[in-house]
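The following block contains the structure, expressed as structure tokens.
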């Protein structure tokens, strides 16, 4: 692969290591991921369950519970195909027949609204002697609620005995949490009032209801729920106060939220990280960054440490307001504290930095994250490559491309387009031609804009012979691409 250079590079080692004839002689399966191989069986339109199961057994993959999750969570399998695949997979050696395995298929079916198949698998689970746990029940109820079928979730709660469970406090909390998380707080409140006296509440039950009203900024309902909580013999904890503060902030009553925090301290209830996070979020919503920093420092001076939510809120707010220096400082503090941001959060930090100004700050985030062992997503790499390409930073672009592939990501058409475009912008035409040829050899045909840009640059440099040869290669690649598109439109997958 290309590395940093100021002069023209030699021919790619790719051409020597992977000649075209060698690629053509390989099996198509070698280029597919394990989950794609298994999903591909259902594209063959085999007849009969036995034929499909035999074909699945002949696929050379190492089956695991994680691979099963990848097969059913991604792709476009239908409900019947997903159930058939799972029933085959659960019979294979090394795959546990437990609640977690069934949870994976139930969650996947629920996300795609295959509710009949989801309930069927749930009944099969009970028949097989596997008792559903609260995680499984939560997946079923949340699937119904997300699809706005609240009555189905309520019926599920009432009929829990069919699945070996009882409508108790824990299962009630699961349903209330699903309802409040999906902003069906009115339905949650009706259920809460209906089962009062029949099912015993605990502190978590009241906190869930307070959190639901908090999301809507309904201060009066929050206060009513807290009074009922105290009357029932429960003492509000830090979770309760954090929801109250958050709800007051949403209602625009920031001063009242500050009073609640002071009241906590007077009563001897020490605010924890969640309470400070709520205060920080309130002041972020009003763009009062001085108060944000004040409560962040107060959290550092307390007996509690900031968590991922604290850092993510602050960094995102600073980046949104283009206070890059403060964002970089908080990001470095987070890494020093040993808190590694997930891939999605890291991408969300890099994205705004790639929308304004030079790529220096975005590259600082990337380098620090990589130094501390953070996992960088392919989307983050694409954002950085696109920004570096636009600013003509060819050396940094090529180094980043190398690091992207070292981290296990493969180049797709977008990556090749950014690299070619960046090399064209600084006049490294021979290198751009090498990258274009590599993209064509791998089956990627960059957009007409990129191809035309490179061709025009070559013609402007009086390199007509190279431009013509490249034109013929692109023409062949475009013909193959159109043929493949036609095949797929007709359902021919080979």
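Quick reminder: no glycine exception, Cβ is built from N, Cα and C everywhere.
Not my notes, these are from TrEMBL:
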REPEAT    98-132  repeat 'PPR'
REPEAT    133-167  repeat 'PPR'
REPEAT    202-236  repeat 'PPR'
REPEAT    237-271  repeat 'PPR'
REPEAT    272-306  repeat 'PPR'
REPEAT    307-341  repeat 'PPR'
REPEAT    412-446  repeat 'PPR'
For the repeat 'PPR' (98-132), give the DSSP counts of helix residues, strand residues and coil residues.
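DSSP classes over the repeat 'PPR' (98-132) add up to 26 helix, 0 strand, 9 coil.
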Which residues of the same chain, at least 6 past either end of the repeat 'PPR' (98-132), have a Cβ under 8 Å from a Cβ in it?
65, 68-69, 72-73, 78-80, 82-83, 86, 90, 139-140, 142-144, 146-147, 149, 152, 162-165
Using DSSP, break the repeat 'PPR' (272-306) down into helix, strand and coil residues and give each count.
26 helix, 0 strand, 9 coil
For the repeat 'PPR' (307-341), how many residues does DSSP put in helix, in strand and in coil?
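When I sort the residues of the repeat 'PPR' (307-341) into the three classes, I find 26 helix, 0 strand, 9 coil.
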How about long-range neighbours of the repeat 'PPR' (272-306): same chain, 6 or more residues beyond its ends, C-beta under 8 Å?
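Distal contacts: 238-239, 241-243, 245-246, 248-250, 254, 257-258, 261, 264, 313-314, 317-318, 321, 323, 326, 334, 337, 339.
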By DSSP, how many residues in the repeat 'PPR' (133-167) are helix, how many strand, and how many coil?
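Summed by class, the stretch gives 26 helix, 0 strand, 9 coil.
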